[in-house]
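Per TrEMBL, ATP binding site is recorded for Lys391. Look at TrEMBL and you will find 661-674 tagged as compositional bias 'Low complexity'. Here TrEMBL flags 42-150, 156-263 as domain 'Gnk2-homologous'. Sequence annotations record features per position, and here TrEMBL assigns region 'Disordered' to 274-295, 661-686. Annotated transmembrane segment per TrEMBL: 20-41, 304-329, in sequence order.
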Amino acid sequence: MEAEFFMDLEDRMAVSHGSLMSYPSFVLLISTIILFSLSFSTAQSNGCSKRGEYSANSTYSRNLNLILSVLPSNASENGGFYNTSTGQGSDEVYALALCRGDLASGSCFDCINSSSEGIKKQCPNQKEAIFWGPGITSSECMLRYSNRNIFSAMEVTPSIPVPNPNDISANLEQFNETLYKLMGVLLTEASSGSTLKFAAGDMNFTSSEKIYGLVQCTPDISKSDCRICLQGAIGELSECCGRKQGARILRPSCIAWFELNLFYDSNTIDAPSLSPPGPSTSADSVPPVITNNRESSRTTSRTTVIIVVSIVILLALVVIVSILCGILYKWKAKLNRDDDSAIRRLESLQFSLTAVKTATNDFHDADRLGQGGFGSVYKGMLQNGQEIAVKRLSRHSSQGELEFKNEILLVAKLQHRNLVRLMGFCLEGTERILVYEFVSNGSLDQYIFDSIKRGQLNWEMCYKKIICGIARGILYLHEDSCLRIIHRDLKASNVLLDEEMNPKISDFGMARLFAVNQIQGNTTRTVGTYGYMAPEYALHGQFSVKSDVFSFGILLLEIVSGKKNSWMNDSGELEHLPSYAWKNWREGTAENLIDPTLRRSSRSIIMRCIHVGLLCIQEHAAKRPTMASVVLMLNSNSLSLPPPMQPAFLMYGSMETSLLSSQQSSGSSQSGQSTDRDATPYFPLN
């Protein structure tokens, strides 16, 4: 998409590009840039604290990135406000997000999500920062973080004024009186009303004109602190913005705002029209808002403002177009370099068929590790002594050579310690072969479901290495890689263990090779393993990142319990792990779920894992946490967890039984390299 956009932009700008570059008023362009810098430097710089800096790859940086990734969804799902912390000691990060009270949930998510990027660009490597997003000119949300506890404490600095450029031209006295009354009413309502500490409304100051006002405090401060913060903000309006048609004061703990136009969404809130003030009004301990009563030449002033603004806008457009031309030129040069590099890299990944045959003894049956729907997996050894796993794909695929190479190049970009590494490929004649690193300790299912081998797994290994490692690997696929990947077949047999028992997720990134009829979010053919499938995927073919979250929840419960997602109980009846876990959780007997070999370990952490697992397998996908939230839950014991709701498939018992029975009758792979059918489409982030 990004490449298509730039190519289209280039075509449309080709004629004007040369003339723009030869434009003689370059001095005016520099002046405009300086003017814009002066206009916004104060507002932008005040959001960055000087409490110290962190390095790019430090623990503080990782904690910050983690906490910023969970704020958008949590704030939008919790009424527009959310605060949390993670880490310990000097690496602990405190963060909060607040959306304006009139913002819908989706707009709230988008605002905080874009602000998460904006705050890092505005204040790179700062240990404390505040950001009003998506830009200071709109101020729809606030994002704030620090290395100190900022919760429930009123703070009034930095206090950033943002005035409307237009002045009041008539009825100034009546305007001031009405504004004074309106802001006083809103202050009282916000500081003594609902827990959201938000109020908005309007009031007529002439028969045809209204003043619209909005005030809001962060919900975590007290009512008295909210009142004090708003009183100061409203008082500051008169100091910075006398005679202006609108203005706002942005503070860490509150915001005060008025305009002559409706700037908030009156459909999402109950914003009443208030009665205008009578001949005399009494102050409700609110400072005067507007005190400047000078009557200068208004017409001349307005004309001057219009001319200046028009010139600035025109010059700004010239600057923007010039910058776009420069970006386009640099992008084309980078694209050419990237293409050359990609071709060279692709060639370096290619194995000859002779080398692959030599490594696998010509695909000898004795070296076969397993057989799957898309081919066989063989163990091999390169001439340098490195062991490899070779997946020989079926020759009946209709995939072309160019598409195959593109697929390999994309999959090769995935580099994470908890993912099996693709080492290369072979494409000769009708042969399509993938070469992976060989993982020596086999798959996770061979340990957790084997009564003897399970004894080799202590809780320290299960939790810190395996559970947390799998979670980090899935998070990388969902959010941190250059591609957005939904695995769709996460299960114990697709998690391999290296010589140090570190988990490595396998069978990812190959779905597009085999299922060309699949599109993002929906598919006409479900692939994967029943019992690990989310209900919306198994029943309707709808998949998302929450599908992987469901699979992870099942896998987490399997690791803790040592039980498969379905098994025959002592009475000969088929038992399902989600139902069994939910029943024991509701009855307060969740300890029954813990495998006997783990019961001497940390009970609180194991119970927390069960809790997280139940949150992941909830019936409704929207209720399930993201993998970023899951990682945060697993790594921060101080973070409170919401109560889980009913797991999926409790309503589909008969269907699940038939699906699981058919799945159990199918074959499984041997040794360490899982060969169940691949199930992982990838989606570019753009």
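Don't overthink the numbers, they just go from 1 along the chain as shown.
Just so you know, glycine gets a Cβ as well, placed from its N, Cα and C.
Taken residue by residue with DSSP, Lys391 (ATP binding site) is part of a strand. In the structure as shown, the Cβ atom of the residue listed as 'ATP binding site' sits within 10 Å of 25 other Cβ atoms. Each residue in the domain 'Gnk2-homologous' (42-150) has a pLDDT score, and their mean in this model is 88. Sorting each residue of the domain 'Gnk2-homologous' (42-150) by its DSSP state yields 43 helix, 27 strand, 39 coil.
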